[in-house]
């Protein structure tokens, strides 16, 4: 009985009757599909007649059809006279062919049936057989009566596929007499649905023999040669049958072998349902309490504001009433006026003075009040008006908290050095985040599977450091925010390449060698600036007769004696000529002994890179290796002498950072674009002794060493 829901039509909610296979892989009864199209304004074949069943009679139709509303004949006549063709599914009021759109009740999508509508759909005979077997198994099908007996009808015992009818024994013999062609008809069990022997092409009424992989549709021989299938991958239906049967068998075997997993997942889902019910009720209760709290606060505020208005009103009324009494005393028939008139009748001077003095003060006050009349209180309560526009907006915008949106990685501030410094921000209108989770993993193209994500949870702020990374590796990182509503979406993945060797931390040596008149080293010893000044002006006079210029040299305070080391620096694009690289410590000391206004003989202005090969044999590596940078460009020699005739072919733009990697054991130094870690140039260098980072300046220029991420 659990299978019954697979055999129920999504429209009529009853078992399928002559189901049609829709392009979206769902099924629907032919009669139901016709009625749905009629409701949407498409004209179909008579839904009470079954496809490929000319012998359909009231006794062979589905018992559901008696409950269906059949279109009125006059309505069908009007539709037929409006210019429709014979294809089922033609839109009303149109003459030109158009595609038919069928609203699938299962997937709730509009399915394109083409111009022929339901006439282009295959009948799902397999589903019909399953429905019929299911009915027989659970014995819910009613007795099938003979269609040719006179009342009272007998129960049918045989069926005939050719005649598409069911018979009792006597009627079968009567309608299949010996010696006639009908006698060759093979009897079948009685049924209400007579299916064709094989699946027929709905367009050409030919048996389907092939399967088009491109269209994913069964085709007949005539369909195969049509232009619509030109260039498509078409295979015999037997091959498609074997392939699909094998896939279906494997899937079914896997599902049957995973019953314990299914039960576990069902139990988990049921537990989730319980938690959903409990948490939903709890959320409702919390919202009700919060709203009730707001209502309580509003009610308290209302009482407080009304009390303030009431107190002000009573105070004003008291002042006005007092003023009214004072003015009433000035009336002619009032007590004060009558008392004053009686006092004026007093002839005893001392007694008059005693009584009149008190009365005169009252009269002065009354006179002043009369001359400068002004109500003791204003009747306006305008200063008691409330501006609730902000509160109304807040209440109108009152909504459930949303999780933060996906953060945006700040690629300008994010970089990889000794560690990875990752920086991000939230979009402008994103809800705030309480904290963030940073995830990263190493990408390995040789590994079969992806490595698991590593996490740094509850990161405060909008930046994070990722430590303990492998050198010369690519890491992918992403971020997501979290607040009371939960976690938001991940940011876009960012890929960062770690340096090819461990990072060397050093400072610029300010104790010996460099020319203090032309070089200025910063206090933190990580930046240097060349200020040529007057010496450069003097050297300009020699430029007319000599190619020599003065070179200012500064080195690092650390010497490398083993392993691989990497460091990076930023060169000012406006620098005239800067060289970055390495050199033997002993040779650099010799260089410092040379007068500052004379160039080292190892500097060849035509080579593009410094080389010490002139002093030794051809096979010996040079004691220096420098990359030449000037005027926002990098000069690349590719191992050959440069000429001024082709400057564009040997220069590249200066990247934001230059990386230098020294392999002491191999005696090689490599120069990189420290942002993309693209190798710019590689050469040999003499590593017979300690090797120091070195920087040369010709003319004005500046550079600073890349600061360690850990120091930030």
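Just so you know, glycine gets a Cβ as well, placed from its N, Cα and C.
In TrEMBL, the annotation region 'Disordered' applies to 50-70, one of the ranges 29-49, 50-70, 71-91. Helix, strand and coil counts under DSSP for the domain 'Fibronectin type-III' (403-501) come to 0 helix, 45 strand, 54 coil. For the domain 'COS' (344-401), the DSSP-based tally of helix, strand and coil residues reads 35 helix, 0 strand, 23 coil.
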